[in-house]
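Notes follow the structure.
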């Protein structure tokens, strides 16, 4: 059994992994999902011993990995690396044969028996005909098979797959993963695979680890973790799921050309009455018994500038002080506002999709630079957009409208200037649609 | 100093004239070399030792010479029909098997580290090797004596010495009382800005010719100087080694060395071999002196003096540089 | 390695060796050569114990035993050593265009030799010691700087090699300007061109131990070299310590190169092209590449040097011969390979 406890890994000042824990039983398949550059490969490097661990423990059957010798470790953990050209051309069977390296002494070369093993492994993968071919001349799928065969020859315990489906065509993608899965079942091999396609993960994995910004976003059995909400949040892309033949299929919500225009953007310069208009809309909706969720942040103005603001949870009308202008630039939020922690928590709660109803209108006041960077309430937005049947009204500064539209791949039904005299009418129409 | 060497050489030559006795020699590096009789098959591995052999009239005894020695008109003319085998060069290496196959009874080798090593190897094969060093006229004299003794050419060595003595006396006599001496700048054959330092033979040659070397304080071999330094020295004449390609003359056309362009230029003729130490190198000093102080030398007589000098050493005068030979 | 390849190799080598024994400017008959071999142990013993050589050696025997044979042996050794370390360097750097002077070893050696020649004291041994010392210093310097800067990145190693190499080249330039053009300069040029013309048994004794030890080590590690070719991450996942292994192999290969260059000067082409040539017809597997490169390197330099010493009365610089023979041969191999539809690494 492979166990990772509170693994932390820093590269210089940068935190690559923070408190990542997991455990893997024999025969289990763990998929690691996450956006590019969140430390998935580093996780594998930590296991392989090529990245230094800052904190935490890695255990194989109760024994710390760092206490094992290099070859012992290599006999336990076998890597299927991302494909790359080898500087010198080796034949496929020579490549597979190298999987025996950790089983050989320092001065030893592989024997005839080793060669037989290598050929047999290739045959098992249905790639026996490739044995004499030059590795560099193989196609992507064939190479992946050869590298997989090498890893299988190397270890029966744990396979580490680094993006094994890259560059593979539709058929080969499934062929490789089927082979791996079969290996899990028949030999009790544990697998950790970095995957980029959530659908493949939900098809093959027993467990899923989602990494976001060095942290674990979600970890657990595939069925629990693989929700459109988690995936939307993980990739920052509104994703919905459809059930096809007993299988959840995840898809981005707005695929071009899509006609789903369930969002309106309210814009206008500071002090143009965006929040005021929305407050009026909120009152109107409550009168009409139309469900409204989300947050509004009315502010007090001083010297023509927003001085402080409150936050309102539209679900229950609860209010809290939110932002307070200070003279210093906050290095974290990069604004001149200091935010109240209780206010922040209130917003977080207001924006969680728990009390969703298909007719709900979600108001988000407002989507600013922080959200665009994935901070603030940024990570909550994609899951909200992914909710079925909702309507969304976002407040955005005029200069950010284009970036917001691009970031969440929006196709807004209307971009409404709050200074327009009929702004409220337009919004009412949008809500009533 | 010179007298001392002369005496030593004379003693040597007297001591071993008795035939039948082995010839015992000590070369520059203190190596003892013994020859059963005067050498009659000689391999000379580089140009200076070839020049010594030729000065001693050993044309017919040379069985092997340096790879490019024969490219010198002087060497080619003296060897004539006789064609010694080329045995290699210092840069590309000497072919030891070729040398041994020539069955020489004397090999002449330079005395640098690579030469010492090769000498040891050849000695192991039973060959007699003399290390030759001739970087000043004094060393030239001692070396001449040594090779003469090894080859039984003491009489010829004596003639060469006599010729040198005569020429030297003549030169000193003519230059007597010349003051102030011309300040001269020596130009290497392919570069105006490379000159002869106080350590080099060329410096000695200038001194003998009654010229002051402006670069006498420099050290090293053909040190590079820059144009400003050259102008600061204010030389009164340029002594140029000629190689027929005239590079220094072209460099003089460049701006920046304008004041040098007007200076008188004395050229050492390309085929003279006077810019390197050899038994007949004194001719170079005499020639330069006659060009630098023409009022002290009558031109016609000056040519005759050099012709006499060559006549005495080589028994012919057509070896003089063509430039002097109408 | 198939039996056919093995036979072919042995046949080529044997006939070359035989040819080399009979080639030379000094005529030595077949009988004299056989008689000489009978005297070889005796002569070697005398040389080793610094006692005088036997008096009764004929001139043929002397020339054969003291000039020709050591030269043949040295040619084999140097060629083998350079090609062997070339193969190791190329494997370690995962680059077929790398030659053994990539870490500045050769520049260091030549600089050291020039320094030794210009130094007023000391003899030829001193010159060789200087060459060896500076060659090793160059390799050591490039490796230490690279190790200090980053965890053994290949690119960094190549860069520091270039830096160190150019430092020594600059030093050599300075020494060349200081050298007497009629005194030491020709000897320095002799080093730069490389020549076996002054080969002796003492040269053989200097190169042999390092070459043998180097070969033994590389032979033992030749499978690991295969794995190292895959790259750092894969070889690490296969249980190797790529950085340590790399440094160890490079250090040993540098020692071999330094010993070779310190004894005969810089001989180009062999270290770069022989492993490449061998690779075109046996593939990149170091299991056969290491022994075959060694054999062919030795054979190739022997062939070139035999030509260099016996084609003309004068020596032909061996570097010219290696290129003149090697370039067309290599082109032919590539061409044959291409027309067979084969693939070249």
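For all residues, glycine too, the Cβ spot is worked out from N, Cα and C.
Now, the feature entries from TrEMBL:
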type	residues	note
TRANSMEM	C:69-89	transmembrane segment
TRANSMEM	C:101-119	transmembrane segment
TRANSMEM	C:125-147	transmembrane segment
TRANSMEM	C:154-175	transmembrane segment
TRANSMEM	C:207-225	transmembrane segment
TRANSMEM	C:245-274	transmembrane segment
TRANSMEM	C:286-304	transmembrane segment
TRANSMEM	C:316-335	transmembrane segment
Stretch in C:69-89, C:125-147, C:207-225, C:286-304 most in contact with the transmembrane segment (C:316-335), if contact is a CB pair under 8 A: C:286-304
Per Cβ pairs under 8 Å, the stretch of C:101-119, C:154-175, C:286-304 packing most closely against the transmembrane segment (C:207-225): C:286-304
Paired segments the transmembrane segment (C:154-175) and the transmembrane segment (C:69-89) in contact, 3+ CB pairs under 8 A: no
Recorded stretch that, among C:69-89, C:101-119, C:125-147, C:286-304, has the most CB pairs under 8 Å to the transmembrane segment (C:245-274): C:69-89
